[in-house]
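Below is one structure; the comments refer to it alone.
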Amino acid sequence: MCLPLCSPQHGRSRARVTHAVVVIFLEFFAWGLLTTPMLTVSAHTLFCKIGFLSFLSAPLIGALSDIWGRKSFLLMTVFFTCAPIPFMKISPRWYFALISVSGIFAVTFSVIFAYVADITEEHERSTAYGLVSATFAASLVTSPAIGAYLSAQYGDSLVVLVATVIAVADIAFVFFVVPESLPDKMRLTSWGFPISWEQADPFASLRRVGKDTTVLLICVTVFLSYLPEAGQYSSFFLYLRQVIEFSPAAITGFIAMVGILSIVAQTLFFGVLMRTIGKKNTVLLGLGFQLFQLAWYGFGSEPWMMWAAGTVAAMSSITFPAISALVSHSASPDQQGVAQGMITGIRGLCNGLGPALYGFIFFLFNVELNEMETMAGRSTASTQKLVVPGPPFLFGACSVIFALVVAFFIPEHHQLAEVKTCTANKADSSSAAHAQNGSPLSLPVSDTEDLEPLLQDSVM
């Protein structure tokens with residue numbers, strides 16, 4: 001089966017899935033290089049703030065990209081996400097200041113998934129999402145190892161320089177090469193047209209969550225499943241080093257192994273699973289693998305157990321693209337941005353809460369993950385007597401159990417209803433724009449309530 005990589009637009013460069021793939025790869029490869037330098041930066045509180053900021057901004061940016069197009073907001077998210085990189089060595093004060101601001105725009109995935117939805121048919125979209133997610137994994141397969149090698153041989157300054165060059169290349173690629181994916185008839189032709197508060201309200205999506213059962217179930221599933229994953233990202237490699245006594249080389253190898261297996265899972269198995277068992281069952285299967293992985297991390301006390309659990313973790317990586325595909329298939333073409341923005345916003349909230357939660361649980365069980373060299377012996381000695389070496393991972397497993405229960409009740413065949421706060425107002429503005437241009441109006445105005453349920457059963 002051949003994936004249609006082009007949009008049906010003519011007269012200009014056509015948007016392709018490969019554009020989205022390159023943008024994601026370069027952005028996360030640049031940050032992956034900085035894995036070693038960032039281990040020396042105490043920024044847990046800062047990254048918690050970033051998570052909360054992206055939680056508020058992701059639905060808004062997604063909704064605005066539905067109105068004004070994807071490219072401008074893709075350029076904005078990539079620029080502000082990468083802007084702090086050079087200041088890691090130039091000025092730590094400016095680095096922390098810029099990375100705080102970048103949290104508002106750290107929602108590249110929601111814009112990318114909406115971009116892909118614009119240019120793919122529904123039956124091909126799951127494969128495209130798997131490819132984008134696999135690209136994210138691929139960017140992290142080699143970049144931490146390359147960054148660690150450059151840091152050991154030439155110092156952190158060179159690593160930051162290389163990451164900055166790659167980030168600039170990514171920004172230039174978006175500006176000069178990436179075309180707009182949203183058709184002209186679905187977006188405003190000018191930034192000069194006014195936008196109402198209802199369209200810009202960052203809390204509008206939260207109110208829609210409360211009014212629609214299906215959206216609520218999806219968001220709760222994302223929250224319960226990604227909360228332990230976000231906490232795991234913040235502490236897992238220090239945990240491997242101090243408690244399981246992994247060497248730096250072993251940690252690098254572990255990252256590479258999980259990344260390679262994740263690529264295989266998201267490119268080969270993901271598409272097959274989506275076609276054979278469906279979107280909802282693929283989500284349930286991914287959550288099952290995540291539950292097994294976290295339980296193994298929690299009870300495992302030997303290095304081989306971590307390696308074995310890492311293979312299971314690779315299979316659990318199918319969960320997020322499956323949920324994104326489920327949401328995208330339910331969303332109308334002019335609501336892809338806000339739909340993906342809600343999911344990214346929930347993940348941003350988890351990025352704020354997860355590290356703090358895992359740190360608190362480690363503290364309760366007297367496991368300190370601070371300085372890698374000086375704390376290793378004391379942390380190992382204190383955890384060898386514990387029946388459960390990794391209590392936060394068991395908490396995460398319990399959270400995933402609840403996510404499985406919630407996900408079981410998600411209906412698979414739903415479609416987005418018209419939402420007046422976004423679609424109708426967008427249509428009103430588009431009507432004025434097209435009237436001035438002498439072109440017919442292509443978007444209908446909804447006569448529904450201001451806040452209808454976002455999803456409705458397709459058989460109703």
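Note that Cβ sites are derived from N, Cα and C of the backbone, with glycine treated the same way.
The domain 'Major facilitator superfamily (MFS) profile' feature in TrEMBL is assigned to 1-414. According to TrEMBL, the transmembrane segment annotation covers 17-34, 46-65, 94-116, 128-152, 158-178, 215-240, 246-270, 305-327, 348-367, 387-410.
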Stretch with greatest number of CB pairs under 8 Å, the transmembrane segment (348-367) reference, 17-34, 94-116, 158-178, 305-327 candidates: 94-116
Contact between the transmembrane segment (128-152) and the transmembrane segment (215-240) (3 or more Cβ pairs under 8 Å, separation 6+): no
Contacting positions for the transmembrane segment (305-327) when only residues 6+ beyond its ends and CB under 8 Å are counted: 113, 125-126, 129-130, 132-133, 137, 218, 221-222, 225-226, 240, 244, 246, 254, 257-258, 260-262, 264-266, 269-270, 273-274, 279-280, 282-283, 285-287, 289-290, 292-293, 296-297, 299, 339-340, 342-343, 410, 412
Considering the transmembrane segment (215-240), which listed stretch of 158-178, 246-270, 387-410 counts the most C-beta pairs under 8 Å: 387-410
